[in-house]
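Undergrad: Here it is, the structure, as structure tokens.
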Amino acid sequence: MIRLFATHRILLPVVSLAVLLAATFYMQPRAMSYFGVNLLFNLAVPIALATVAQMMIIMVNDIDLSLGAFVSLVACVTATFLHDTPVLGVAILAGLIVAYAGIGALIHRFDLPAIVVTLGMSFVWGGLAVMILPSPGGAAPTWLRSLMTVKPPLLPMAVVAAILIAGLTHLLIMRSGIGTVLRGVGGNATSVVRAGWPVLRLKAGAYGLAGFFGVLSGMALVGLTTAADANIALRYTLLSIAGVILGGGEFVGGRVSAVGAVIGALTLALAASFLSFMRLSPDWQIGAQGAILILVLTARLIFTRRDKEQS
Amino acid sequence: MPIVKFILSRTWIWSWVAAAGAFMMVMALTQGRGASELAYAALSFGAFAAIVGLGQMLVITLGPGNVDLSIPATMTLAGTLALKTMGSDPNTAILGFTVAIGVGILAGMMNFALIYLLRLPPIIATLAASLIFQSIAIWSNRGLRIKPPEGLADFATGRTFGLPNVALVGLGLSILVWIVLERTVFGRWLLAAGQNLRAARLAGIPVEFVRATTYITVAVFASIAGFFLSSFSGGAALNMGQEYLLTSIAVVVIGGTSIAGGMSNVPGVWGASLFMFLVVSMLNSYGLGAGVRMMLTGTIIIGIVIAASTRRTRA
């Protein structure tokens, strides 16, 4: 049993989510419906996209502390330019993705600490967001709003979206040739260079992918909230890092899991709903999220350690 | 000239040059008026950044992956609990200070327990712990707005020999850190562990003891900063530590401490702390909006990091 968990790293995130979901349904049986599940996981869609973005960066052994500010900026652009002048809006969002790739290239070219550069970039993104939208406001483009509130048959939109995101990124990162090389950059950059790959371009590519998913995250968020604010997604930075780790990813070595990251994001989003169902005083909600994080990671430690002892 | 060469070879000189540059830029605008007021304000506000920066510097010196993200939460918790204990009563400053230090020691022990016992990466461990600290602060701070005792508030905002008292506290701590790093065995252990953890362990250095002490020290420094900041600003607020997460890391890197670990730089942290404050006042005095100000701050930080890296590769 323990062996099973240790060899299949994806099992632990899945079980964590299942246990939390079962506990939520037990506390609040009415949540066990099409509508209820959609409410529970609605806000998980942008978090899952942000977590996938963070995963791209962690995959190449870096960490992105600017993601929350970036998603906020995208949300501001979506609620203003993309709504008022769609062509200009698309151009700006494309420009932001290119900028992200550029940062990746810069970090690799000068061998800069990613933690510091992204920290600086969080000021830049935050400043731009404040300039675009000094006070909360804006409006979601109609098509985006209807996309985020669509009601597919059988499964709620949030679940369908999560499965789609997990499936597509899994294909991209775990199955495709380029995904394998990208993970190789995190595993051993030197050997990737020796094999004749341009690491500078690969790293820029990983950052570009992160920017792409960051843009999707901001757009999905505006589709749900219908308005934006310069600080709307600042907490995504920490949520996305925690989501990647919860999903079985590691900070070094290119060991990440796309499906795990999405499940980790769903777990974090569900934790918030679960705690409010528990009638826990709001004072303790943030702390309880920290405790859940510690709990899951403790479970992981137990499994990996037992495995080492046995083998 | 050996003197010039000696000065230029010190990595901390650049943060001081940058701080002086920002100071000049403000003075150019005001035609030299308010120079002493600006210097005084920079020393007061820079002191808080320097105190948390010193702690963060010690942690970053421990090597790649070591960073304390719980500094803001620890500051808030220490400030909140200390003010609550003192309850605005006079002559309780020592008691409050003891509470703050106690909070720091407990928070640091909690952080290290998560890192050591659960083998968590420090980023995740301090992040999870900070969520818990934040909750305790929210719970104990509910609807309270307690003023610091008068004597303590006077001390925190006052001056001695023309220097702000908080800057003197920061200076004292800096000298302490400098002596420990440069002149004691513990300092050597810390630097050795940061340069190569495995080699340090094999050489018989008690690396886990060094790491534990460092994580407790950073939390105590954050508590001291939180204690004085809440006395300085007339009460604790739940978001009072917020900006110090970015600041603490930024001043360490701008100050010339190696992000790869194993090399500390105490004077640089001070130069960078003054610089961070002066840049904001410079952009303010040129009448720029909040958005432009933030953007330029970020660009300047990245610019300095790039400049530092090209210097490194040439050397």
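From the backbone N, Cα and C atoms, a Cβ is placed for every residue, glycine too.
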Undergrad: Of the residue ranges A:4-23, A:284-303, which one carries the transmembrane segment annotation in TrEMBL?
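TA: Comparing A:4-23, A:284-303 with TrEMBL, transmembrane segment matches A:284-303.
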Undergrad: Between A:32-53, A:65-82, A:88-107, A:154-173, A:204-227, who has the most Cβ pairs under 8 Å to the transmembrane segment (A:114-134)?
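TA: Answer is A:65-82, with the largest number of Cβ pairs below 8 Å.
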Undergrad: Under 8 Å between C-beta atoms and at least six residues away from its ends: which parts of the chain pack against the transmembrane segment (A:233-252)?
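TA: Residues 9-10, 12-13, 16, 46-48, 50-51, 53-55, 58, 61, 63-69, 71-72, 75, 122, 186, 217-218, 221, 259-265, 267-268, 293, 296-297, 300.
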Undergrad: Restricting to CB pairs under 8 Å, which listed stretch, A:65-82, A:88-107, A:154-173, A:204-227, A:259-278, is in contact most with the transmembrane segment (A:32-53)?
TA: A:154-173
Undergrad: Between the transmembrane segment (A:88-107) and the transmembrane segment (A:204-227), are there at least three Cβ pairs closer than 8 Å, leaving out pairs fewer than 6 positions apart?
TA: yes
Undergrad: What residues elsewhere in the chain lie close to the transmembrane segment (A:154-173), defined as a C-beta under 8 angstroms and at least 6 residues from its ends?
TA: 34-35, 37-38, 40-42, 44-45, 48-49, 52, 55, 59, 148, 179, 182-183, 209, 213, 220, 256, 258-259, 261-263, 266
